[in-house]
Amino acid sequence: MNKKVKIIGAGLAGCEAAYFLANNDIQVELYEVKTLIKNEVQKTNNFAELVCSNTFRSQSLLNAAGILKAEMRRLNSLVIKIADSCKIDGDDALAVDREDFSKKLTDVIKNHPNITIIEQNVSYIDDENDLTLIATGPLTTNELKEDIQRLIGKQKLFFMDASAPIITKDSIDFNKVYYSGRHKQGKYICCPLNEQEFNKFVDDLVNAEQVQLKEFEKSIFFKGCQPIEQLAKTSKKLLLKGPMSPNNLLDQNNQQPYAVVQLRQDDAKDSLYNMVGFQTNLKWPEQKRVFQTIPGLEKAKIVRYGVMHKNYYINSPKILNFKLQVIRKKNVFFAGQITGVEGYIESASSGIWAAINILAFINNKKIKPLPNTTILGALTNYITNSKIYSLKPMKCNLGILEQENKYQSNDKFYSYNNSKNSLENYIEQLNKILRTNI
């Protein structure tokens with residue numbers, strides 16, 4: 001097979017993939033449009049621009065973000081290598097000088113002998129002749145978005161304008177909640193509120209501090225999707241007839257509460273639940289404060305906060321296999337936020353994983369999925385698991401890990417050590433199959 005790969009998008013995922021493949025003697029054509037077409041959030045012409053926060057989150061090996069970065073270091077991540085070199089003070093977080101970070105990373109990519117930079121607005125994917133990785137992120141150009149729709153089907157490309165918080169099941173107080181569901185809805189976890197609790201919740205909600213939307217976002221979101229706090233400001237009745245309706249949600253005593261917050265299972269393992277209809281634009285500390293006033297959620301652990309922003313992503317469980325390869329178009333792979341992962345390190349790490357699978361594809365080698373005991377493996381499984389009915393973008397969290405013996409272990413670093421050992425064993429086998437030296 002021709003050892004040349006087209007990568008569309010020089011963001012975190014695209015640069016990681018290009019770097020990995022180029023270091024394995026694959027010729028890479030890296031396409032980037034930002035010098036030709038500016039989107040609403042870009043500030044410079046450098047690659048992998050950090051347009052939101054300047055932090056890659058915690059370095060602690062007690063949490064998922066720290067463990068994922070450890071996995072990325074072991075996989076020779078360019079993003080983490082550059083981030084380490086640009087670190088600024090930020091407690092235990094890996095915070096960087098964002099301009100220095102993007103400039104250094106761009107220099108590495110542009111000076112790699114196996115990478116050719118092509119400044120072009122790609123509008124057509126030749127899925128028959130070109131081996132292509134699409135890593136265009138949430139702000140994919142309209143022209144390419146239309147061709148992606150041709151490639152995967154018009155109903156398979158989602159526009160996400162809002163999402164609701166996701167919490168862990170084991171943090172719910174089951175002494176205060178019950179299971180119920182309307183008609184053929186299935187069994188949801190129901191958090192009942194009496195009239196006094198409901199009124200206090202609404203007061204807290206409407207007075208909570210919100211994230212300030214950019215001008216280009218304001219025109220997009222409030223047309224088709226009302227955040228929960230906007231509904232509350234409009235009318236309490238909208239909540240009682242909408243996301244907090246108690247109709248046909250009888251409790252254990254066969255009584256109908258004044259209001260109900262429903263929680264819906266969000267993963268195949270039954271460990272994560274999302275707050276139904278609670279799309280929100282509240283600041284994250286405010287989400288925690290306000291939503292923990294709901295009975296049963298006083299100690300709720302939020303693993304993904306509600307967000308509102310422009311974001312294109314594909315319905316990966318229906319389109320991609322575990323290799324991040326289009327099931328019906330074997331020459332096409334996806335990586336980054338367009339796959340449904342959310343966050344800098346999640347996007348970058350998916351680029352590494354896609355590149356590993358592209359290398360295997362080029363060499364006609366079969367490799368197994370990453371173990372679900374690793375953060376990257378569990379996250380990849382989450383976004384490509386065909387059992388998920390409707391994919392919502394996900395940051396890494398410990399709730400998606402496979403860790404059967406965690407609660408029998410006294411090791412507070414159990415998740416990290418389990419991930420480390422699993423990844424080492426996997427890499428040992430991978431190096432033998434692909435004749436690499438990771």
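Counting begins at 1 with the first residue displayed.
Backbone N, Cα and C define each Cβ position, glycine as well.
Values in this document were obtained by computation on a predicted structure and should not be read as measured data.
Under the heading FAD binding site, Swiss-Prot lists G9, A10, G11, L12, A13, G14. Under DSSP, A13 (FAD binding site) is assigned to a helix (H, G or I) in the three-state scheme.
There are 27 other CB atoms within 10 A of the CB of G11 (FAD binding site), with all protein chains counted.
Counting other CB atoms no more than 10 Å from each candidate's CB, the binding-site residues A10, L12, A13 peak at A13.
Under a cutoff of 8 A between CB atoms, and with a sequence separation of 6+ in the same chain, the neighbours of G14 (FAD binding site) are I7, I8, L30, E32, F47, L133, A135, T136, A335, G336, G351. Cβ neighbour count for G9 (FAD binding site): 31 (other Cβ atoms within 10 Å of its Cβ, all protein chains included).
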